[in-house]
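Engineer: Dumping the structure here so I can ask a few things about it.
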Amino acid sequence: MLIVDKYILPPSPEHFLILKYILILMLMIHLPFVSMLIGGTFFSVVFNILDKKKQNRIYLNFANDLIDTVAVNRSVGFILGVVPMLVVTLIYTQILYTVNVSAVNFLIYSLILLLLGFTSLYFYKYTFHLREAVFGVHIFSGILGIIFFLAAYFIFSISFSLLLDPGEWRFVKNPVELISYWNAVSKYLYFIVSSLAITGGGILFFFFHWSERKIDHDSEYSGFIKNFGLILALIFTLLQPVLCLWNLATLPEIAISQEVFGFSAIALFLSLVISYMLCAMLKNPEKKLGVHIFSLFLLTFLITALNDQTTFYNTIKEHIVLMAVRAEEPSSELKIRELTGAAEEAQVNVKKGEMVFNSICSACHSFDRRAVGPPFKMVLPKYQNKEDELKTFVRNPSKKNPGYPSMPKLGLKEDEIASVAAYLLQRLQTESQKQDISK
Ligand code: HEC
């Protein structure tokens, strides 16, 4: 089993770093696009219905221009929408390939919902010219598209929060059980709020600065769109900081590091700068800040993706370290030291000790039963707080217990001896604590 694992994917910390940056890149391509797609489709449907009720040409034009702008065409939808999610799912499966994580299954559900969402949405877009004839079906496909998308990202943020909490990995089979996870809820709301904010920013950018779609600046239509984009962007940009802080407050402790605080602070700051620019544009309609605002929105998405990946990486670090040890790369120890702080080194050492125990000592020893050698529960207590003596014995066993043969010299490396001694003494402590409790 171990050998097979090794040839499928030699897991090394560098490997994970590369995967991490690919993940960030993919989310960076995918999320802004799909956020505007959701926001744009939503308002396209709303104005489409409004036009039907009030017969206002401005509403109809806007509904049509909006869906054309955000959905572009099917190939762009496939490249920016579907491909990155496929890659993300594959990468998560790779990273967690030794752990049986239901989260990866959820990612696959969310991929399926996403495909359904794209299908409905492009149906909506391509039936726009048939709108008078098939209004019901046309509107329904738009609404269905939005629902599929919202469901897809709901499951996506749940599975992401689930990945952040490895303690729960094994227990959760059903996504509904996780609704109580405030972190998932805050992530999801942050996603929706950011989608609506960047939709506003996208309207300002694509309708007024993007050459393909530039509209006549002095028309009534232009004034309407500009105000709509500004107010939409402003309301939801002002909500972003609240959710950003909420997300921070609900993160599991193990996921938090200094970088996480740093990225959150940058995201907060960007929201404030964007809000300030939007206000400036509202006050003075002559100001043209659309390009800046949209770029800052993209930057906010990048920072958020970095932040999310950092929390994820913090959480699985231990898992990675274990895999590195298992891969037994000659230089793995150095990398472990780079990856983890000195404080964690001891813990890593104990993990390594566990591997030495499982692969070598367990051939002759059990903790509580007699085997070739005596049970550790019986012989270890005399080494408590005397790790050095234990190391000396393992390095060079001498005759000790009557009724047992001698223990052979094992020829272990010095660091293997140290780690197995640390592991055994720690294990002895936890075992005796367990017994105290059961008594
Ligand atoms: C080939 C079998 C074998 C292997 C492998 C083995 N041991 Fe032992 N071990 C023994 C035997 C036999 C004894 C009893 C020796 C004696 O009492 O003289 C023993 C005794 C011990 C004792 C008790 C010493 C004492 O003071 O009573 C410790 C501690 C110990 N082994 C640790 C280890 C550790 C750690 C490893 C793995 C790195 C290991 N052993 C691997 C056979 C083995």
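Every residue, even glycine, has its Cβ placed from backbone N, Cα and C.
According to TrEMBL, the protein carries these features:
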type     : residues : note
DOMAIN   : 348-428  : domain 'Cytochrome c'
TRANSMEM : 21-50    : transmembrane segment
TRANSMEM : 71-97    : transmembrane segment
TRANSMEM : 103-124  : transmembrane segment
TRANSMEM : 136-164  : transmembrane segment
TRANSMEM : 188-208  : transmembrane segment
TRANSMEM : 228-249  : transmembrane segment
TRANSMEM : 261-282  : transmembrane segment
TRANSMEM : 289-306  : transmembrane segment
Engineer: Other than its close neighbours in sequence, what residues sit by the transmembrane segment (188-208), given a CB gap under 8 Å and a spacing of at least six beyond its ends?
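Structural biologist: Answer is 32, 35-36, 38-40, 42-43, 65-66, 69-70, 150, 153-154, 157-158, 214-215, 217, 222, 225-226, 228-237, 239-240, 243-244, 246-247, 274, 281, 288-291, 293-294, 297, 300-301, 304.
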Engineer: Hey, which of 71-97, 103-124, 228-249, 289-306 has the most Cβ-Cβ pairs under 8 Å against the transmembrane segment (136-164)?
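Structural biologist: The stretch with the most close Cβ contacts to the transmembrane segment (136-164) is 103-124.
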Engineer: How do the residues of the domain 'Cytochrome c' (348-428) split into helix, strand and coil according to DSSP?
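Structural biologist: So the domain 'Cytochrome c' (348-428) is made up of 46 helix, 0 strand, 35 coil.
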Engineer: Can you check how the pLDDT averages out over the domain 'Cytochrome c' (348-428)?
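Structural biologist: PLDDT averaged over the stretch: 86.
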